[in-house]
Amino acid sequence: MANYEVTVSTGNLLYANTFNNIYIKLVGTDGESNHTWLLNISGPLAFNTGAVSSTFTLSCTNSIGKLLLIELNKHPVIVFPEDAWFPNKVEVKSPEGQTFNFPIYRWITDSEVHLYRDGKGLYYTHPLGKYSREKELKEREEAYQWHVYEQGIPRCMKAENTESLPLEVHFSFTKTTEFLFTAAQGLIELKLDGQGDCTEKWTDMDSIYRAFCCKITDISVYVQKHWKEDEFFAYQFLNGVNPMLIRRCSAIPRTFQSLKAWSSSMNENIYLCDYKLLDGVEANTINGIKQYLMAPLVLLQRTPDDKLMPIAIQVRYDWLMAKIFVRSADFNFHELNIHLLRTHLLAEVFAVSLLRNVPMVHPLYKLLIPHTRYSLQINLMARNRLISKDGTFTKYTACGGEGMFTILKRSMASMTYSSLCIPDDIAERGMEAVPNYYYRDDGLKLWDIIHKFVKGILNCYYKSDADVEKDSELQKWISDIFVEGFLSNAKTGIPQGFSTVAALVKFVTMVIFTCSVQHSAVNSGQYDYGAWMPNTPISLQLPPPTTKGTTSEATMLETFPDVNVTQSTDFVPLGHYPDEHFFEKIPCKLIKENENLDVPYTYMNPTVVENSVAI
């Protein structure tokens, strides 16, 4: 007799356990076992939440060789109805002493027989493996279908609501509870303030301060104290929530003709922020009032003491008001282009293509699946609650409605592969030498760490460029991304296929960086920099004045958005409130500690960077 030791692990999720009877069959290169009931004296507790069951012994007349597959199913017990079960994996030790692992990590909700393959991919060399692989991918293609939400932006997953999503991509119980709690907590605070339905204007700065004091962070307090200062205004272009727009200015724009002679010898130290994507965008109407959204140009100079200071803004009105219009423009530009498009929507494209085209035991699947966690559900919620016809972003921001999609389509048309790879992006924007650019410094370190890890993993599986070229599942993955995500636009520079190991390593590094580090950089500081509304007004109700010296605090208050727009709590899905964080699973060393900075830059600290776009 040949005895096989079988160990089953059940997931540590709410309701992951089952009271049903579990049956298994082993399939090897030289035969297969009987369909066997995994009977244990522990009874149903053997498959309890978070449990590693006792070892079961499964006997065969002879050895069945190297294990390729297992067949797994469950049946309800007479006293218990059929329930759902979430097994993590099955481990089998053969009589020859070899251990085979079969990853599952998905819900089993029925009594059908399900096939799972050896995690090392041995099935590729066996006819049964081809059948099971094709069966898995066919099921995935049906479960994860592409959908056109709006022409001109990346495709998304087809789903009406969160209930229609496959169970394995749902929020966990903990994630759902904390998500609902933070949303409800913000709403309660708002209602207690009596501001949730208030469409009145702010009467004075003290009123704004009193509302702000309800929910503050150390950085938001610093923002409230320093938001009027030029140095802090400039600092936010480097290390605020939108560090992606600033670039070295190679030629002074025509708009600033009067500065050309003065700055001709200083171009190496002049930087530009250009919001041209917002030019001509139809602004929203909120509470019955027409809103205003400008497309400013901002020039900044590196001073001899290595500070960055604004020197000109392309609008002729008082300086503080000019900066307010810039900060409002930055909010709309950042939320749609930098945050929504370049992290959330791209993460969904990477995830759906992975789930449609790559089987579970493929090295690419194992490498990337942790970086897709919760992305599909958070994006579906964003589409339904934020950018839908009645969504919060649509109703309460300057670019809401038609303008919002105008910006997204322009952003999509201008996006390039190089701009998604931080080493290339920093070089193209000429930002290698500007001091105190912590986004660059931390980001490049983390890119190098991820790249080294990805290279080490993929080199284990792809020994030559030919191995990459002949991997049909890998090629389908990148092809789907190019067609569905980047709309077959070759000008983006996105690969349409992979021909070298180096090209594959770079692209996978970009995917992981985008879904984790980049999202943390442009998401986590939103509340810090936006809690004090005057620093980040999401909409403005008056056009910029055209005559210098005509503005006052009263003018500023008239320009700010109404109370209910300022305090809207429906932005929770985009991450305005803290949520749980996950430690990176890649080998990662800590970046240099910066607690001594006036404004600590922690958004790329590996201990707080989530693995995926999960909020």
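Keep in mind that glycine also has a Cβ here, set from the backbone N, Cα and C atoms.
Note: TrEMBL annotation is automatic and uncurated.
According to TrEMBL, the feature Ca(2+) 2 binding site maps to ASN40.
Among the features that TrEMBL reports, Ca(2+) 1 binding site is placed at ASP83, ALA84. A sphere of 10 angstroms centred on the C-beta of ASP83 (Ca(2+) 1 binding site) encloses 14 other C-beta atoms.
When other Cβ atoms within 10 Å of the Cβ of ILE615 (Fe cation binding site) are tallied across all protein chains shown, the result is 26. If you look up TrEMBL, you'll see HIS339, HIS344, HIS519, ILE615 marked as Fe cation binding site.
What TrEMBL lists as domain 'PLAT' is 2-122.
Taken from TrEMBL, the feature domain 'Lipoxygenase' applies to 118-615.
Summarising the annotation, TrEMBL assigns site 'Essential for stabilizing binding to COTL1' to TRP107. All protein chains included, TRP107 (site 'Essential for stabilizing binding to COTL1') registers 18 other Cβ atoms within 10 Å of its own Cβ.
Using a 10 Å Cα-Cα cut-off from TRP107 (site 'Essential for stabilizing binding to COTL1'), the binding-site residues that qualify among ALA84, HIS344, HIS519, ILE615 are ALA84. For ASP83 (Ca(2+) 1 binding site), the spatially nearest entry among the binding-site residues HIS339, HIS519, ILE615 is ILE615, judged by CA separation. A gap of 30 Å separates the Cα atoms of HIS344 (Fe cation binding site) and ALA84 (Ca(2+) 1 binding site).
For the domain 'Lipoxygenase' (118-615), the model gives a mean pLDDT of 83.
Residue counts for the domain 'PLAT' (2-122) under DSSP, split into helix (H, G, I), strand (E, B) and coil, are 6 helix, 54 strand, 61 coil. The closest partner of ALA84 (Ca(2+) 1 binding site) among the binding-site residues, by CA position, is ILE615; the full candidate set was HIS339, HIS519, ILE615.
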